[in-house]
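Undergrad: Pasting in a structure now, in structure tokens, and then I'll have a few things to ask.
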Amino acid sequence: MWKKSKTFASFLVKDVEKGYHSEEEKSTPLLANNDRTRPASYEGRQRPPRPRKPTSNNMAPPPPTPPVAKKLTLDISSVLSTPDCTPGLDTSEYPKKFFRSDRRLRRLNTELLEAIGNHDVEEVEKLLKEGANPNATCRLDYVSAIHLAAMVAGDSLDLLLKHGAERHRQDRLGRTPLHLAAFAGNARQMAILLDLPEEMQKLIDNDNSSTFDGIRNQFELSFDMRQKAQEIVNVRSDLGEIEVSLPKTWKDNIDHMCMDIKGTVMGPGSEKTIDLVHKRLDLKARHHCTRFLLAAGANPNICDVMGRTPLDVAGSAYYYNKEINQKSFTEVIRMLLKAGSQFNTMKAGGMNVDSPIHTAVELNNIECILELLDAGISVSCLNSEGKTPLHVCVDKKMDDALKILANYNYKDADPLSSMVDVKDKDGYTVLHAAVKTAWVAGVCIALEAGADVTITANDGETAIHLAAALGNTDVLDEIILLTYQNGLIDCQNEEGETPLFKAIINGHLNCVETILEKGASINMLMPGDVNVLHVAAEYGHLSMLEFLMEYGDGVIKQFINSLTTPDRRGIGAIHFAVLNNNVKCLEYLISQDADIRLRTTPSPHKSATPLHLAANRNYVECAKVILNCDKTTILEVNSLGWYPLHSAGHHGSRDVISLLLQEGADLSEYTAAPKFKRTAIDMIINNVSKPTEFLEDVFDSYISSNSQNLNDSKCVVTVDYKILLPTACEMEQMKVVESLLKTGNRYGQQKLLVHPLLESFLYLKWQALLPFFYAIIAIYAMFVSSLTIFITSIFFYKDTNTDRPAYLAPHIWSYVVYSTICLIILQELLYMNLKNTRYFRQLETWIKVFSLLLAASLPPVVAFFSDSVTELPRHIATCALLLSWIELMFLLSRFPNWGYYVLMFGKVASNVIKILLTFAFLVIGFSLSFMIQFKSEMPFDGPWAAFVKTMVMMTSEFDYMDLFDEAHSNDLAKSLIVVRLIFVIFLILAAIVLMNLMVGVAVNDINDLEILGNIRRLAKQVEFLGTLDNLVYNKFFSTILPHRVSKRLQNKRKVMNVMSFCPGKTRWRFNRSVPSRIKNAIIDKAQQQKKQMEEEFHMETFKKKIDEMHEAIVNLNLSYKDTQEATNNEGTKEIIQGIKRLHLRIWKYYQ
């Protein structure tokens, strides 16, 4: 019985081999529409009502409800007419009642379905006699044997009906065999299913009108036959899927290839509710089937669920890639029109579906087009693509059909407009469509039919806009005269583009000349103040730029530096050329006096110059053109205060960064912003991927050689330091290296200090500043010496009660001390002219400050307490003397060869202090324990004395015999064991474990320091050289010293921009300017650079030759392409393929 579709899961859990209850076998398996014969159990199981026909908001309201076919009303025949077993001959071999297993029956049913599909009538008859059920059904889509027989020619259908098959049963989609017979075009099978007399069935084969007139007369004479046939031919298939409960005797076997049957019976209309007339008409338009259905009483105005009549679907199988017989198609149209069929799709504002008029145009069927036009159809109806029949004519370039549709005398035509002005879904008229397809004949037909050139499409474009964009001068010439006469030569579309702008955008120079000759304004502006130069530069049309600049004696040249509004990016023509990386347009604009420093609007490009924009996009070729014209553009800043190098660093533009540095950009330059300032190298390191490797490659490029052979006397290695020497202020030579240090070490960038370029520069800088450093050392050595002599002259002779010599008079040496202190203070004041806090963050600064303060206070303190017994002068002298000698050690560590050891000393000292601070509580605990146990006697006579003695004991100075002598043993008799136990614990934890820990950590860090020591030494050297550089180059010195002396000192401290040496000449003057270690590193880098350049040159040459070979062989093959010899020349083909593969591999290598 019928019921609603189940879920997919229900089919998975259902056992297909399970039998049915005997009562269930006797139940009615299929629906009958006759309420009188419907069983009571069927109530409530009908299919749901069909949905109403959908309507579109953009369509006209549906036509009045046409007559709808009634549901098919038939007697329940599945039980009454179909026996459980196929009837056969009543013989002893085939008794009427016998027992057969379910599996055998299903196998026979399966073979029956396959035999029908194979058109094997004899096999069908044999299987029916063996017991196959004539109602055998495929379980996938409930396609039965009679469904398949209806689709194929032959006698299978007669055999099935003879053995009791149901005529009008439905499959899963609600289709009866009559639907499928109509679908296949089997008119005779349709007659059999309609149960027509045999005489009428024979007449079906004669395809002439008199035959079908006779059939119609027969139907009119027999009321019952006419009524029954009308019900059957107007029956509908159902919308959606339904499910049938099949008796087990009808089922096929589980190994049946159901998908083959599904593919056989699927077709147009299988997924929508459709009646027999629609089913027949939407295929190949076989007119004899249509004539038969009409003769049988089919309703020519019946509508499907979409509201289409049979006339509306005529020929729609064309859109399912089916072949349409044009003669039959025309005959069907005539037949339906004669039968009074109406149409709903071929009206103005129709249903936007493919209608017969569209199909007739697609087929270029002039006869059918005229039939439909005479029937009063509207050519403004749209198909599924939103096009009218006229637009389809243009797409197919059908002259005759377009002329007929454009010039037909329509009854309801608007006298004020032409029929060719009808629009498609995009608002394009026939003229628009013809222009877009560059169909000159169509343009002429549309204009001859009175097309309006002023009509705009949905995007505001007229026909001349499309013609200008197309670039076809023939089409443009046909339209431009009418456009000029209507004053629309400068009309704008929705984007504000005139035809002139459209031609410029698409690069059609001939169209531009034509439009300007017809009076178009070259000074016209688009919204946002966009002029023609902006557009030409944006799209990179060099020839267009040249023409526009020369047109009318250069009237447009006044706009060469004009800017668009901020909402249109606020840029000029030169900016457009840069942003599109169009080098040729950029060169031409510069040659025409375009401002190379022209700034954009503050928004959105932040008042950028062309060089800023090239830096943002990494357009290195554009940047080269700009810099070749004016190198000072690298000093221009945008509204953010950024130089081009800052912009390139912020956007990670590697190529432009390298170019700007080659042209003298300053890595240490700060942004000009008032608040947030950053150097260029800081931006590069924090925005470029793998910045350390990138900068290392950049530094490598500044070391070069002219030969790979180092023994060659002409081999010269050149080291260019211009990247480290800012051009803005040549005297601040340490700025770049200091800026590198200020970026930190997040990306390991401090290892760049050991690069041969930087290390050699620092060494040369040290050599240049060495005389000034000697002067500083001399001054401080005088201070330490005078302070030492002063203190010795006071305390040594006083403590020894001896007479001091006259040359050691304290008052004389106190003057010397004060003199050297003044010199050092002056030096420190010059140091502090650095405008940063780095000076106050250094330990050496505070050691120097306290030593100077103590030394300056010592003479008056000694004089004031000369007769007193206080020890304050002695304490001050001690601290001053110690700090001054420590500071002298730090100064001497500035020498490159000594700095490493001082770093080791400082590292070990810091580690020891960290460990002692960590374990200070352990030392304090032991010291207090010893003080208590020894009853505060010497050497533990107090907390401080106990702490000091414990620290001394940690260095293995235990004095065990003194601590546990006879006197102390007597005093400690009662606690001697406890004291010795504490001493043993101290010996293990402090003297052994703790001391070895400190030694181990110190040694381990020294090993690490050997790896990073050189980098740290160079970092310290950079800080000191920067300080010394600023000390020497000081405005105070420049003011007080004579000009000649000042100039000589400044030249003395400078490092030359370029250093070169010849490895093959041992007496070359630069050979000994740097240590051999640095010189060897420079030579290695130079050899690598030379080798890389040679490899690139050779590979580029090889690639060029391969390209030439490939081109030559391809041309050779093309020249013999039409000859039989070249076709069969496998050797040539193999060579070409080999060259192509080699070329591809080389291309991938370079990528």
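Every residue, even glycine, has its Cβ placed from backbone N, Cα and C.
According to TrEMBL:
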- 17-27: compositional bias 'Basic and acidic residues' (COMPBIAS)
- 779-1009: domain 'Ion transport' (DOMAIN)
- 17-69: region 'Disordered' (REGION)
- 173-195: repeat 'ANK' (REPEAT)
- 352-384: repeat 'ANK' (REPEAT)
- 426-458: repeat 'ANK' (REPEAT)
- 459-480: repeat 'ANK' (REPEAT)
- 495-527: repeat 'ANK' (REPEAT)
- 569-601: repeat 'ANK' (REPEAT)
- 640-672: repeat 'ANK' (REPEAT)
- 772-797: transmembrane segment (TRANSMEM)
- 812-834: transmembrane segment (TRANSMEM)
- 846-866: transmembrane segment (TRANSMEM)
- 872-892: transmembrane segment (TRANSMEM)
- 912-934: transmembrane segment (TRANSMEM)
- 977-999: transmembrane segment (TRANSMEM)
Undergrad: Apart from its near flanks, which chain residues at least 6 from the ends of the transmembrane segment (912-934) lie with a Cβ under 8 angstroms of it?
TA: 940-943, 945-947, 949-951, 954, 963, 968, 972, 975, 978-979, 982, 986, 989-990, 994, 997-998, 1001-1002
Undergrad: At a C-beta cut-off of under 8 Å, are there same-chain residues at least 6 beyond the repeat 'ANK' (495-527) that contact it? List them, or none.
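TA: Distal contacts: 459-460, 464-465, 467-471, 473, 476-477, 480-481, 483-484, 489, 535-536, 539, 541, 543-544, 547-548, 551-552, 555-556, 559, 568.
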Undergrad: Against the transmembrane segment (846-866), which of these stretches has the most C-beta pairs under 8 Å: 772-797, 872-892, 977-999?
TA: 872-892
Undergrad: For the repeat 'ANK' (640-672), what are the DSSP-based totals of helix, strand and coil residues?
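TA: Counting residues per DSSP class in the repeat 'ANK' (640-672), I get 16 helix, 1 strand, 16 coil.
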Undergrad: Per DSSP, what is the helix/strand/coil residue tally across the repeat 'ANK' (426-458)?
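TA: For the repeat 'ANK' (426-458), the helix, strand and coil counts are 16 helix, 0 strand, 17 coil.
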Undergrad: Looking only at residues six or more beyond either end of the repeat 'ANK' (352-384), which have a C-beta under 8 A from one in the stretch?
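TA: The answer is 56, 58-59, 306, 308, 311-312, 314-316, 318-319, 324, 326, 329-330, 333-334, 337, 343, 345-346, 390, 392-393, 396, 398, 400-401, 404-405, 408, 410-412, 419, 422, 424-425.
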Undergrad: Which residues, given as numbers and ranges, are at least 6 beyond the ends of the repeat 'ANK' (459-480) yet have a Cβ under 8 Å from it?
TA: 426-427, 429, 431-432, 434-436, 438, 440, 443-444, 447, 451, 453, 488-489, 491-495, 497, 499-500, 502-503, 505-508, 510-511, 514-515, 518
Undergrad: Just to confirm my parser: what is the rounded mean pLDDT across the repeat 'ANK' (173-195)?
TA: 82
Undergrad: For the repeat 'ANK' (495-527), what are the DSSP-based totals of helix, strand and coil residues?
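TA: Helix, strand and coil residues of the repeat 'ANK' (495-527) number 16 helix, 1 strand, 16 coil.
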Undergrad: Could you put numbers on the helix, strand and coil content of the repeat 'ANK' (459-480), residue by residue per DSSP?
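TA: Here the numbers are 16 helix, 0 strand, 6 coil.
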